[in-house]
Amino acid sequence: MYSMCGSLLDSRRVFEAIEDKNLFHWNALISGYARNELWDEVLCVFSQLISETELMPNNFTLPCVFKSCAGLLDVGIGRAVHGITVKMGLSSDAFVSNSLMSMYGKCGCVDDAVQVFDEMPDRNLVSWNTVICALSENGLVEECFDFFRDMMIVARPDDATVVTLLPVCAAEGWLEMGKVIHGLSVKLELGFELKVNNALIDMYGKCGSLTEAQRLFDKSVERNVVSWNALIGGYSMNGDVERTLCLLCAMAVEEGIRPNESPFLNVLPVCLGPLELLKVKELHGYVTRNGLQSNELIFSGLITAYTKCGSLKSAERIVHNMEIKTVSSWNALMSGYVQSGQPTRAMDLFHRMMSLGFEPDWISISSLLSACTHLKDLSSGSVVHGFILRHGLETDSFITISLLSLYMQCEKPLFARILFDAMEEKNSVSWNAMIAGYAKNGLMEESLGLYRRMQHDNHEPFAIATTSALMVCGQLSSLHLGKAAHCFALKADFSDDTFVSSSIIDMYAKCGSIEHAGNFFENLNSREDTASWSAMITGYGIHGYGLEAVQLFNRMRREGPRPDEFTYIGILMACSHVGLVKEGLEYFEEMRKSQGVEPKLEHYACVVDMLGRAGRLVDAARLIEEMPVEPDGRIWSSLLGACKIHSDTNLGERVAKKLLELEPNKAEHYILVANLFAGSGRWDDVRRMREKMKESGLKKEPGLSWINVGNKVYKFVCGHTRYPESEDVQRLWCELKEKIQKAGYIPDTSCVLHELKEEEKVEILQRHSEKQAIAFGLLKMSHGMTLRVFKNIRMCKDCHNTAKLVSKVVERQIIVRDNKRFHHFSHGICSCGDYW
């Protein structure tokens, strides 16, 4: 009686007062402690029973003990008691075995639970429900339903079975299976059970079938707080803030029920932009009116929601007005500062938090490291690293990964590698951070090397690591390595992943195999995401296949997803490369007016480039003046390049002035200006530009070309003559020169922007790096194989004409990628149509 009323102290006093205790007395005390979830006391009393008395526990005692082991997640004691059970011959008792199975399941020992089930001589419905529950709790959903199918042959499911299976369907998003269970519950006349109805509402809500969830709720004869929370949770998880608010109000008015934090924690994270700000304020008002101000989780969620909606003032006001501030509230605001691009304020807030005596946790440290990463503040980041070491936080994997990101962002990959190698347990996120970090720092070979080591060490690469590896293969123009990464993606079943599939298309396009990219795109199981469409359109664009890009874009609008900002960058670039100015301008207007995509600098850069290439320099300059955002170096550089192509020195000088004021430390800008002057024969101005470069400590990047032969990369530098088999290459080049001269080749010395004699200019042209790479490829590669040459700077007109004629006289396809696009040379014609 005392234990059932929660007065366990009185219960213990009565027990101690009994002189001649029997098993009934011991069981009453043990069950009382178990009922009140005092698990340690249960085990303590059980220990006394078996060590201090000659009484033997029975099938009433043991289930309470197993329940306590489950409550403490102490499988060690559970196994020991299991041994006692076997010795006493109680393992065949269904009541004992069911509780034993439940204990193993809750402790994560599913194999043990299944073994107990298999060894049971007599199983009842509870036995089946228990093993199914153990499997579902440990994420073994397929096995769970296998047991359910076996159960249907020998036993009739009850409400406990249905309530166990429905959450599995909800968690996995298995709407169809959920409907099957629903049908079964109706057939078994369980649909009117309150807990079954609640589980059905929850399942339909989490599977996105809100109409059905609402219908079941409206039909419910009986409702409780669980019913309301299930329906509200469904709407909130699906981002319907308005309906969530309506239901919260209805619950309070109709039922007088005060909600818990679940609906707020579900709905606040989906408030992600300025349009949701009013809804966040409504939720905030509801929280205040219903006395939920003291709930720490809700207020942290509100702070985060306000920052994501762009209202930092509201977030700051919440923290300021909190009577008792917590570390989580400081963390939420700090994270908000970082995400809204104000890392300095995040660092200031951290120092203020410390000065007020709050002890930062791993979330605080991670936010602070993110702030340092955004600022590329290595000095402050090193201080934080010291704090981490002093406080023993270096074992936290999340903090370590934040440190890896910091060092990579600050261009200190060696520091990151030392930290990475020191990690005792490397997880997929740490491997991914290193692989992506190396790639970001231009260390492509190190990135791929680490990816291969990850596989060699039997660490299963996640999709993001494969995405990084594919990106690196594209940057290196390494088709054979890209194919290997593609094969791995297929084996790991990643090829249907949105990011991986778009990365495969991008890799093939950047490696010069647009045919492979197109085949992969057309064979995708699903093309419901914009990423794969955008990657393919961009691929066609950089290869100069503008008409194919336009056709694919129009097909996307008919049968694919809605184009996004990246799709429009791809189609605008494609139009620019082939001179489809009318179409490009129409897409630009459509993007702004009918698609609701706000143009960014990248879109303006494409349109300026498109107008500039077409010689519409005045229109390009006007567009820059009318831009609502400040133009960056890419846009001015694009216009300056167009001025050089069309010999407009007057506009070019004005553009050059703006460009050099904006980005005075980039050598390529000075070279572009010098080339503009050289094209007009203004050699004094050319020398002046080169002097400025010298004074600023800037150097021209040498022309570099490379070609993959036999899975090995061979590099050629403009003007250099010492490289593998150089004599044979030079001999072949002399033979080729004779053949192309007969086919009409005349050196275009206007491409040599130096004040030299004509014969000296001709000699310089012959030493351009792509000519050497093409000759090497012809020497080393079998007849009929396509040559793929890659170059770090723009291809000159003379090399372009040369490649066309070489493709004609040797009857080979030659593909050259410069820093702007691909050129496909075949039978004396280039895919660009000489428009580049």
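Glycine residues also receive a Cβ, built from the backbone N, Cα and C atoms like all the rest.
The repeat 'PPR' feature in TrEMBL is assigned to 22-57, 93-127, 224-259, 326-360, 427-461, 529-563, 564-594. Per TrEMBL, domain 'DYW' is recorded for 744-836.
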Cβ under 8 Å, sequence separation of at least 6 from the ends of the repeat 'PPR' (326-360): give me the contacting residues as numbers and ranges.
296-297, 299-301, 303-304, 306-308, 310, 312, 315-316, 318-319, 367-368, 370-372, 374-375, 380
I'm checking region-level scores; what's the whole-number mean pLDDT for the domain 'DYW' (744-836)?
89
By a Cβ-Cβ criterion of under 8 Å, what residues six or more beyond either terminus of the repeat 'PPR' (224-259) are in contact with it?
194-195, 197-199, 201-202, 204-206, 208, 210, 213-214, 217, 266-267, 270-271, 276, 279, 282-283, 286, 290-292
Per DSSP, what is the helix/strand/coil residue tally across the repeat 'PPR' (93-127)?
26 helix, 0 strand, 9 coil
Tally of DSSP helical, extended and coil residues in the repeat 'PPR' (22-57):
27 helix, 0 strand, 9 coil
In the repeat 'PPR' (326-360), how many residues does DSSP assign to helix, to strand and to coil?
26 helix, 0 strand, 9 coil
